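Visitor: Not my notes, these are from TrEMBL:
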- Trp56, Tyr149, Lys272, Gly306, Arg390: substrate binding site (BINDING)
- Gly116, Ser117, Asp243, Pro307, Thr308: pyridoxal 5'-phosphate binding site (BINDING)
- Lys272: N6-(pyridoxal phosphate)lysine (MOD_RES)
Amino acid sequence: MTTSPLPAWYQQGCGHIWLPYSQMQTASPPLAAVRTQGSRITLADGRELVDGVAAWWTACHGYNHPHIREVATAQLATMPHVMFGGMVHEPALTLAQRLCARLPGDLERVFFSDSGSVAVEVAMKMAIQYRLNKGETGRTRMLAFKGGYHGDTLGTMAICDPEEGMHHLYGSALARQVIAPLPQDEASSREFHALLERHAHELAAILVEPLVQGAGGMLFHAPEVLRILRAAADRYDILLIVDEIFTGFGRTGTFFACEQAGIVPDIVALSKALTGGTMALAATIARRHVFEAFLSDNPEHALMHGPTFMANPLACACANASLDLFESQPRLQQVAAINAVLTEQLEPCRSLPGVVDVRTLGAIGVVEMQAITDPEALRQRFIAQGVWIRPFRNIIYLTPAFTISEAELHKLTGAIRTVLGG
Ligand SMILES: *Cc1c(COP(=O)(O)O)cnc(C)c1O
């Protein structure tokens, strides 16, 4: 058997690249991707993989959607970028207005940035300065949840799950935040409320991923939990920050996950599928009362943050094009149809060796294992099946594009059943 030689750029560049979450000494060499289309990734050697991950949950319309490409091409020709300090442009203002129209309540002020972690950092800075601007100096800490994930920067690592998270190694370098169990049953509710009683006087905000804790292990909770958090935040006068970076844009079956609980957060963070998986962009959206706490004749009451590539016009144009597709295409029906297939096709995994749970929500399908001892080997077996599935920790999951074909979806679920069964 002949294998086509790896391209020169791969051979010459691989020794100079540092990959994420990867033990570079032992990890198998990365794949060389050369083209994407729909739910397919083409490799340099000609192999084609069906993508079960949608580029880390971002490519909700599939790759290379012609509408996004068209809008991006036009924007590229007129104004790929301009600074956002003291200057605004149509793509950003249109996008801000459209996002606010979609969000519940008076979430009406958008601060743009370029990654999810930074959007969460900005939300935390807003919450801290909200108190400072009101003359309260002692309320700078955050309450976040076990199983949670909010990013990889030093500020956001401190609000990730301290034990399960990949960040425990940095322990002593991180701010000490309050980490509570999600109030889901009697015992966890008691602990949550006890922690609040003890810490409310020093808390600026409660942060939560609504309905699904994604990178923490695809853990689901009921909408009721969000209503409990909203009520607790109101009772203790703490801001509620909802991190919809993974769940936003239809992934859980509604446009935003918080809709399912009927709550209005004080601040929302968005990124991942915001541009349909094409450009790096994030947004932090605040309610009116949050924004108003920054209005004063004191210059120090202004929000002191400003990423260089903030509100990049090309990225904003792509996000507007993505919203066009949510308006013109039956995306939420597609999510419901994907859920039906995932539920039916993954359910048989329950009886396979080592499987402890199978669960689905919207376009998310999860097979939870007792343990995955050799994730690297498992990944290779999926690649051999012609699918791109990235197990992490003890879970194997699918988060496909909403435009995936039924045959492609069956290929993904079939690969999981084959690999786990044999
Ligand atoms: C991915 C993710 C982040 C971090 O986003 P980056 O763009 O990787 O910085 C934050 N919160 C949630 C819920 C995420 O899924």
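Cβ atoms here come from the backbone N, Cα and C positions, even for glycine.
I would like each feature placed in context: is it buried or exposed, what are its neighbours, and how far apart are things?
Guide: Gly306 (substrate binding site) is surrounded by 12 other CB atoms, counting those within 10 A of its CB over all protein chains shown. DSSP assigns Gly306 (substrate binding site) to coil in the three-state reduction, placing it in neither a helix nor a strand.
Counting Cβ atoms from all protein chains shown, Gly116 (pyridoxal 5'-phosphate binding site) has 28 others lying within 10 Å of its own Cβ.
Proximity of Lys272 (substrate binding site) to non-local residues of its own chain (separation of 6 or more, Cβ distance below 8 Å) is seen for Trp56, Trp57, Thr58, Gly116, Ile245, Phe246, Gly248, Phe249, given in sequence order.
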Visitor: Near Tyr149 (substrate binding site), meaning Cα within 10 Å, which of Asp243, Pro307, Thr308 (binding-site residues)?
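Guide: Checking Cα-Cα distances against Tyr149 (substrate binding site), the binding-site residues within 10 Å turn out to be Asp243.
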Visitor: Need one number for the substrate-binding residues Trp56, Tyr149, Lys272, Gly306, Arg390: the maximum pairwise CA distance in Å, whole number please.
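Guide: Max Cα-Cα spread across the substrate binders: 34 Å.
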Visitor: Got a sec? Which of Trp56, Gly116, Ser117, Asp243, Thr308, Arg390, the binding-site residues, have CB under 6 Å of any ligand 1 atom?
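Guide: Gly116, Ser117, Asp243, in sequence order.
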